[in-house]
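*Asks:* Below is one structure. I have some questions about it.
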Amino acid sequence: MERNFLPVIFRISLRTSLLRKLYSTKTHQYEKSIGNVVNAAIIGAPNSGKSTLINKIIERKVCATSNKVHTTTKLARAICFENDTQIIFLDTPGVITDKEKNRYKLAESMRQACKKSLNCADVIGVVHDVSNRYTKDKLHPTVLEMLNMVSNIPSFLIINKVDLLKSKKQLLDIIRNLTNGVIAGNPVPNTSKIQKPLLGYGCFSDVFLVSALNGDGVKDIKDYLKTNSRLRKLEYSSDEWTDQPTESLIEEATRAKFLDFLSQELPYTLETRLEYFDDNEAEGKVTCSVSVECPSDRIVKLIAGAGGGRLQQIKSSLRSDLVDMIKKPVSLDINLIAKRKPSSKQVARAATSLPNPVVMTKIDGSPSHTGDDTFSE
């Protein structure tokens with residue numbers, strides 16, 4: 001019996017050692033390294049520019065962006081190496097209310113992702129859209145609630161889209177309102193004759209005026225984060241820029257692109273799924289195919305546009321974003337798929353617990369996939 005038992009132990013041990021060896025080639029190389037690390041949670045109201053800011057800092061379009069709210073749907077990490085410092089950004093969905101959750105059919109996990117990020121953070125950056133005339137003088141109530149829950153964690157305010165502000169003279173009053181008149185324990189001068197109720201947060205350690213879209217003021221944020229880093233074990237290798245698989249990033253980027261091209265709540269009803277993905281290192285390019293499930297045939301035709309023209313525009317714009325993200329030529333195909341209601345026969349079959357195949361109609365508003373779809377910048 002011992003003769004049979006020992007070889008099994010040996011085989012398991014050998015298999016384990018091989019796995020460890022393979023795993024160590026990428027992961028354990030940097031787990032033994034020590035460097036300056038800072039985890040920065042970036043929070044804010046929907047569409048305040050959180051993802052755009054992170055993309056600009058790390059110089060790669062890793063976070064999906066669009067001109068509509070609720071583009072980011074889950075917590076993701078974006079990694080930036082600056083000399084000897086590793087900055088780990090926690091990109092979060094915009095804070096949502098119950099009304100928004102129901103209106104846009106958003107998952108409860110989006111609400112929890114933002115709160116979860118705070119528990120992992122060394123410092124919290126609050127992005128505030130100063131171009132919104134209705135909310136420029138006050139923080140989002142949910143953001144304020146979250147900050148009060150973690151007042152022990154250092155935080156800083158990022159006033160974004162200052163380039164869209166018509167009058168820069170009002171900036172000091174806006175800063176005073178958003179900080180409750182206090183920055184790092186120091187009072188902010190009151191230049192306004194009209195006294196407004198302060199709806200801000202009085203524990204910010206610093207305030208930055210930026211335009212995330214064109215990069216103004218972004219370097220100051222990077223320098224600030226470097227000063228808040230501390231010496232510890234590096235969490236990622238120097239060639240990693242996100243904790244998300246490329247396949248997931250492609251799906252998120254596709255969803256964001258449809259948000260940009262479609263109006264109102266229509267894009268929120270679509271479901272994107274990566275059907276095919278191949279990262280060909282020998283050829284140095286990525287090939288992928290994404291399916292977009294639509295509520296009906298009518299919606300498929302509406303999205304595709306006359307002669308598939310709109311779908312071609314979406315493909316071209318998305319492909320450009322993917323090249324910016326992956327840093328390789330990308331060959332892309334998008335298929336629009338319409339849901340069909342099950343027939344009475346299928347309903348009866350389901351009721352008797354028999355296999356019920358899903359009936360879908362595939363309508364591809366674009367030409368079949370060819371090498372001409374390859375794009376690089």
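Yeah, the Cβs are placed from backbone N, Cα and C, and that goes for glycine too.
According to TrEMBL, the protein has these features:
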type	residues	note
DOMAIN	36-233	domain 'Era-type G'
REGION	44-51	region 'G1'
REGION	70-74	region 'G2'
REGION	91-94	region 'G3'
REGION	160-163	region 'G4'
REGION	358-377	region 'Disordered'
*Asks:* How does the model score the region 'G2' (70-74) in terms of mean pLDDT?
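*Replies:* The answer is 66, the mean pLDDT of the model over that range.
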*Asks:* What are the DSSP helix, strand and coil residue counts for the region 'G4' (160-163)?
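*Replies:* Across the region 'G4' (160-163), DSSP assigns the residues as follows: 2 helix, 1 strand, 1 coil.
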*Asks:* What are the helix, strand and coil residue counts for the region 'G1' (44-51) according to DSSP?
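*Replies:* DSSP composition of the region 'G1' (44-51): 2 helix, 1 strand, 5 coil.
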